[in-house]
Amino acid sequence: MAKLELKYGNHACAEAAIIAGCRFYAGYPITPSSEIAEKMAELLPKVRGAFIQMEDEIGAMGCAIGGAFAGKKSMTATSGPGFSLKVENIGYAVMSEAPVVIVNVQRGGPSTGLPTQVGQQDILQTQWGPHGDKLIPAFCPASVEEVMEETIRAFNWAERLRTPVVLLLDEVIGHMKESVDMEKFENPEIWNRKKPKVSPEEYLAYKPEEDDVPALADFGDGYRYHVTGLMHDYTGFPTTNPEMCQELVERLIRKVRRRAKELEKNEEFMLDDAEFAIVAFGSTARSAKLAVKLAREKGIKVGLFRPVTLFPSPEETLYRLAGKVKAILVPELNMGQYVLEVERCTKGQCPIFRMNRANGQMIYPFEILEKIEEIASRKIVIPVSKA
């Protein structure tokens with residue numbers, strides 16, 4: 001029998017972090033993510049964890065990285081402007097291979113923007129906010145129960161890959177109350193970082209194993225090593241050797257990319273016989289799902305593809321989807337961000353239509369329905385290769 005509990009999205013994120021093993025949280029309050037910090041401040045002392053409120057988001061991100069190297073599963077949470085302040089240290093986490101989870105409860109932007117209203121305007125910032133080449137896993141839940149699932153999954157992959165992972169909520173999901181089946185979270189699968197199997201004298205903190213991920217020793221365990229944001233060799237000390245620099249950047253990307261299929265997670269709704277598809281994520285996907293049901297009642301064969309893992313993008317899956325439908329609609333609460341990934345992955349196989357909003361309001365189901373009706377009324381010819 002299900003053990004249902006009514007939970008608030010941001011509180012669910014904090015509770016799931018504790019379940020995943022998070023024992024250190026560094027943050028700075030910012031709407032609409034502040035409830036995560038408040039809940040972590042309440043929960044962490046009960047499990048012998050530590051909570052610290054820093055002077056700003058820059059310090060909070062740096063502190064979370066330090067917690068990770070001290071051997072604790074670490075998290076920080078923020079929203080738009082705070083995420084902008086964190087991006088330099090997110091890049092540092094990529095380069096130093098610090099396993100840390102960053103939650104971004106998105107609001108309207110740019111700048112201070114709409115602090116209390118919804119947005120999905122930080123999608124591309126997860127990848128292109130920090131400078132340099134990188135591939136950062138980014139997950140996007142669409143319900144309170146899924147917030148818990150994806151928080152645990154974010155910690156698991158951060159630990160397995162020694163990488164920062166971004167969890168993208170939005171104001172609607174963060175401030176929503178829904179029933180959660182807590183039985184699912186009584187004994188979840190939990191992953192922990194690899195520890196060195198060699199003596200301190202033999203340990204090389206950045207020498208990768210077969211999976212491209214180096215073992216990570218905790219500070220204080222007798223293993224001495226150097227951490228830097230500079231290009232570095234296996235010891236962690238800086239290098240300008242061209243071969244080593246190239247190898248390092250390629251490995252940092254490859255350790256994520258080679259697991260793209262494992263990381264991929266999607267929901268497919270009524271796509272089996274669909275002539276049209278909607279690609280949507282987060283709170284917008286909730287509107288899209290109802291729009292699909294309403295369109296079906298009107299005889300329009302449309303389905304929903306909802307990526308939960310936004311990055312690495314589900315390239316092959318999107319490509320196959322585009323090969324089956326007449327057109328794809330991408331509604332999102334920004335001026336056109338993830339649609340760029342959809343266009344890249346589908347490679348011109350079918351028309352891609354955009355539906356964008358950046359005024360702090362949801363895209364409502366009836367609006368998506370109207371757009372689908374408009375698209376369906378067009379004379380879109382299916383190429384012979386698809387027929």
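Our numbering is plain: 1 for the first residue shown, then up by one each step along the chain.
Placed from the backbone N, Cα and C atoms, the Cβ positions cover glycine too.
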Review point. In TrEMBL, which of 162-189, 218-245, 246-273 is labelled coiled coil?
Key: 246-273
Practice item. Average the per-residue pLDDT over the coiled coil (246-273) and send me the rounded value. Key: 99
Point to revise | Three-state composition of the domain 'Pyruvate:ferredoxin oxidoreductase core' (274-367), taking helix and strand from DSSP | key: 36 helix, 24 strand, 34 coil
